[in-house]
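The following block contains the structure, expressed as structure tokens.
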Amino acid sequence: MNSIPDLRVILIDDNEIDLLLHEKLIGFQQISRTVISFVNANKALEFLSSNITLPKIPPTMILLDIQMPEMDGFEFLQAFDSYPHKIKSQCHIVMVSSSLDYGDITRTNANPMVIKLLRKPLLLKDLKETVEGIFKDFL
Amino acid sequence: MKENRIRILYIDDEIHNLNAFKASFRRSYEIYTATSAQEGKLLLKEISVQIIIADQKMPVSTGVEFFNEIKDTLPDPMRILLTGYTDVEDIIDAINKGHIYSYIKKPWDEHELHKTINNAYEIYRTRKQLREKIEELEKTNDELNRFIYSTSHDLRSPLMSVLGIINLSRLDNSVTDPNGYVNMVETCVLKLDDFIQKIIEYYRNSRLEVEYEKIDFNTLLNDCITAFKPQNTQIRFQTQVEQAVDFRGDTFRISVILNNLISNAVKYQKPEETNPMVNLAVKVEPHKATICIRDNGIGILSEHLNNIFKMFFRSKNNNKPGSGIGLYIVKEALSKIGGTINVESKYGEGTQFEITIPNRNEFDT
């Protein structure tokens, strides 16, 4: 797959095995060399807000889990929505969940900040298609 | 009996009316009296009554005004207005606004007043029962939703990780697996996931109509055995199906029942048992099917037998705690399709469940 220059991927998931799996898949597909993992959505928010000092925010794909303790995916989205345009416009959020809950699914689909909901286990094919869909202008 | 008597507060500025009321009704009701709206309000702070009767014409506050004031803080008691003269406008207004249940003309007719009080109480009681039922239903619905949510997440999430690991191991070819064990793991995980999804489905559809279709018990039992055999390959499954007549029933609920009972029979085997077995017998008759699931596992303590069908009950004396939900689902599913269940168990020797399910074949319908 053609790599997108300086694309970085941020993974947010409380399940460390899933983080590892997703990291490996991204590496396998050579989607990005920069993968930053967070087991806690709060920490990810902190990291993103520290990015404000960067002269240029790199294109970013965020794979966000739904159910997490402390701060869940929806709470993350709500908090992130108040972030400066400079950061938000560079971040493309994809939800990744094993949830079959009707409420979770409809809430995800209704959220304008979410590009797509991918089911766990994350499949290479889905991941590839999603990245290509988001960054088609770069390729 | 006295505690169950209807409690009435009667407010009237004419003391002889209060006394007359007490004289006529004190044998039938528990009566509290007040000579003014103010006094009545104080009394209501201490005592909860089911019915409030107030005279319309009183100094300071009229009956209608009094009811108006208390209707927000005390919406439950039934309000009856007593009026000596025909101030029709006020009464019509009060009734139309829903402040009062009824009005009685003074001097009252004892029989009529009795009837009005009893009718008012009947409404009070019905409303209260309705409120209690609604609360109960809300609680049950809430439990149900939480259960569905935790099933769809807590149980599925680790399973999906396993599938993810299997997928990855295939991508990077890091696992040498000449005997295809990884495939077997995947098959089992998928089956289990399928079952989890079915449970969710079952709850989601618990309010939908039961659907009857033709069931072949040989196929159904074989499906179950195939699903559970990998969990303990030592177990010898014996099946005996007598199905001379067609059977119609709700496939989904019946497989939920069988899955749960067979799963328990497989799970709760004695570790030291050299000949673990699960015996499944089905006998179909024109009007019912009897299914017997017998194992020689660890058995259930007799003092726990009454509780095993309760939600989230877990028998303590085993080192394999379950979810506490399986047999509850079995019972719920059976009650949906009009079936019954009996359990016999000897601790240390084994357990036998016998279920009967009505046969909804053509003769029935």
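Our numbering is plain: 1 for the first residue shown, then up by one each step along the chain.
Cβ coordinates come from backbone N, Cα and C, glycine included.
So TrEMBL lists the following for this protein:
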- B:7-121: domain 'Response regulatory' (DOMAIN)
- B:Asp55: 4-aspartylphosphate (MOD_RES)
- B:120-147: coiled coil (COILED)
- B:150-361: domain 'Histidine kinase' (DOMAIN)
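Help me picture these features in the structure, burial and contacts included.
Look at the domain 'Response regulatory' (B:7-121): DSSP puts its residues at 50 helix, 25 strand, 40 coil.
Note: B:Asp55 (4-aspartylphosphate) has non-local neighbours B:Ile11, B:Asp12, B:Asp13, B:Glu14, B:Asn17, B:Gly63, B:Leu82, B:Thr83, B:Gly84, B:Lys106, i.e. same-chain residues 6+ apart with C-beta under 8 A of its own C-beta.
The average pLDDT computed over the domain 'Histidine kinase' (B:150-361) stands at 87.
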